[in-house]
Amino acid sequence: MEKFASVAALLLLLCFPVAFSGHDYGQALSKSLLFFEAQRSGVLPRNQRVTWRSHSGLNDGKSSGVNLVGGYYDAGDNVKFGLPMAFTVTMMAWSVIEYGNQLAANGELGHSIDAIKWGTDYFIKAHPEPNVLYGEVGDGNTDHYCWQRPEEMTTDRKAYRIDPSNPGSDLAGETAAAMAAASIVFRRSNPAYSRLLLTHAYQLFDFADKYRGKYDSSITVARKYYGSVSGYNDELLWAAAWLYQASNNQFYLDYLGRNGDSMGGTGWSMTEFGWDVKYAGVQTLVAKFLMQGKAGRHTPVFQKYQQKADFFMCSLLGKGSRNIQKTPGGLIFRQRWNNMQFVTSASFLTTVYSDYLTSSRSYLRCSAGNVAPSQLLSFAKSQVDYILGDNPRATSYMVGYGNNFPQRVHHRGSSIVSYKVDRSFVTCRGGYATWFSRKGSDPNLLTGAIVGGPDAYDNFADRRDNYEQTEPATYNNAPLLGVLARLSSGHSGYSQLLPVVPAPVVVRRPMPIRKPRVTSPVRASGPVAIVQKMTGSWVSKGRTYYRYSTTVINKSPRALKSLNLSIKNLYGPIWGLSRSGNSFGLPSWMHSLQSGKSLEFVYIHSSTPANVAVSSYTLA
């Protein structure tokens with residue numbers, strides 16, 4: 001906040017992407033998740049790992065008669081801004097949706113889900129009525145006047161809301177997107193919670209669409225810090241895209257098709273993506289739907305969305321008609337103030353788009369010629385490597401990663417001695433005199449935080465008062481979760497378009513989400529147990545299709561080094577396993593299945609469950 005390769009060459013690039021090495025992306029991923037724990041507001045849980053933090057904001061919402069305890073502080077201050085918080089949650093959820101297996105392989109899926117739920121639990125509280133949403137607690141003016149730990153802040157904690165008389169379509173739309181995306185994350189592990197989130201998402205979208213207006217015209221104190229420059233049309237399209245992905249409801253697909261031109265989804269050629277401007281994200285998601293074969297009668301409109309997604313990607317690679325500026329060291333550069341937010345969000349979009357194109361056996365169409373999708377992934381890697389230290393200054397812009405990282409972060413909590421160590425009261429202005437002005441390193445390490453980063457010439461000043469470069473933000477870190485998980489797992493047969501399904505039945509209003517039912521009992525072969533569930537069905541051209549989820553569980557005290565499965569009576573596509581002839585095994589990125597762990601694969605066909613059995617296995 002403190003704000004025309006030859007065909008042969010193309011095939012080679014598609015088949016043999018660049019190898020990953022140099023940085024420990026798994027370690028960076030783990031550290032990045034710790035930052036979200038440092039940003040927590042409310043009553044901290046017993047499993048809190050950032051131990052220098054304590055409870056804070058325990059009376060938030062009380063003066064307004066609503067419980068607003070919880071959520072996240074956005075950056076280096078103690079305000080809870082709803083718009084960037086919702087975008088943060090949306091991007092964390094998108095990371096899990098696309099790269100959940102890779103997060104799990106790194107042991108970080110649970111922490112990622114916890115981070116998402118910390119946000120969605122707060123949004124449930126902040127949405128007490130269908131057409132009411134609290135969008136801010138505290139205000140930047142009074143908060144910035146003081147330099148205090150969140151545990152003892154004395155600043156105004158007034159709560160600000162939007163309602164039919166004071167609308168905020170951008171805020172409500174982004175929060176709807178966050179709740180819809182998160183509902184996908186919890187669909188299997190907590191179906192009741194998933195349905196609750198989807199209900200809130202439906203209501204918030206209706207609120208945003210019916211009562212239109214910019215939120216910073218209603219919550220005016222937010223304008224100086226998180227003003228809605230792009231307006232609300234991008235958030236309405238963004239929310240519709242996530243609601244379609246969460247519900248498979250044709251209404252939202254039709255919304256994207258019907259409003260793509262009038263709301264700018266097919267018109268804006270973007271060179272940025274972030275908490276304010278969502279068009280590039282919308283265009284990427286709609287391009288995914290098109291590649292999945294879901295566009296139907298909206299295909300001409302969705303093709304225009306994809307052309308704009310291609311424009312964004314090409315501009316990042318320097319192969320477009322209007323390219324994004326880069327520093328001499330190769331970092332994309334948008335603005336002086338917290339430029340890193342645009343770096344991480346763009347890196348995420350190029351990562352998923354690379355995998356979408358690879359899965360659909362397509363390539364990127366740029367004005368300079370056709371580009372292999374592997375170049376997008378290589379671009380994302382170059383940006384992440386820059387962040388982690390491969391830059392002219394050899395500086396890691398992730399706090400705690402590497403040997404040379406920022407020591408004087410513009411962050412109240414990390415710059416003042418922990419409340420658990422010294423409970424001596426830090427006054428509003430005294431905090432500036434005693435702690436803000438210190439030349440020494442922060443007493444509390446803000447592990448994993450991505451700071452604002454260098455200027456247009458790769459210069460960086462590690463000073464606490466240099467908020468443009470040394471202040472971190474949750475929305476800097478959130479998109480990076482998926483990218484780091486993807487890079488840490490190297491290359492494999494990703495199918496990010498999973499599942500490729502026929503178009504759903506047209507339904508005007510939201511369909512209820514039904515709890516998946518077990519369609520075959522748990523089967524065991526030695527230490528391997530198999531359970532299947534039918535998790536969805538739909539009718540297309542008179543035929544009923546079923547989506548089955550199959551979980552393979554290692555019940556042995558030892559790791560499974562290899563596993564061969566026999567799958568009979570399978571009449572459709574399957575994802576999540578490697579295949580050799582008629583035998584199926586562990587996915588190529590998974591070298592073993594640890595004791596007590598499980599893997600999931602899915603398949604779609606118009607029949608009863610396939611017969612899945614263990615042919616052979618090897619224990620470590």
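Backbone N, Cα and C define each Cβ position, glycine as well.
Quantities reported herein were computed from a predicted structural model and do not represent experimental measurements.
Look at TrEMBL and you will find 1-21 tagged as signal peptide.
The active site annotation in TrEMBL covers H410 (among others).
Around D462 (active site), the C-beta neighbours below 8 angstroms that are at least 6 residues distant in the chain are P406, Q407, R408, T470. If you look up TrEMBL, you'll see D462 (among others) marked as active site.
Within 10 Å of the Cβ of E471 (active site) there are 26 other Cβ atoms, across all protein chains. Taken from TrEMBL, the feature active site covers E471 (among others).
Confidence for the domain 'Carbohydrate binding' (528-608), expressed as mean pLDDT, is 80. The domain 'Carbohydrate binding' annotation in TrEMBL covers 528-608.
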Report task. Would you kindly give the Cα-Cα distance separating E471 (active site) and H410 (active site), rounded to the nearest Å? Result -> 5
**Report entry** CB contacts for H410 (active site) [other CB atoms within 10 A, all chains]
**Finding:** 25
Report summary line: The DSSP breakdown of the domain 'Carbohydrate binding' (528-608) into helix, strand and coil residues is 0 helix, 51 strand, 30 coil
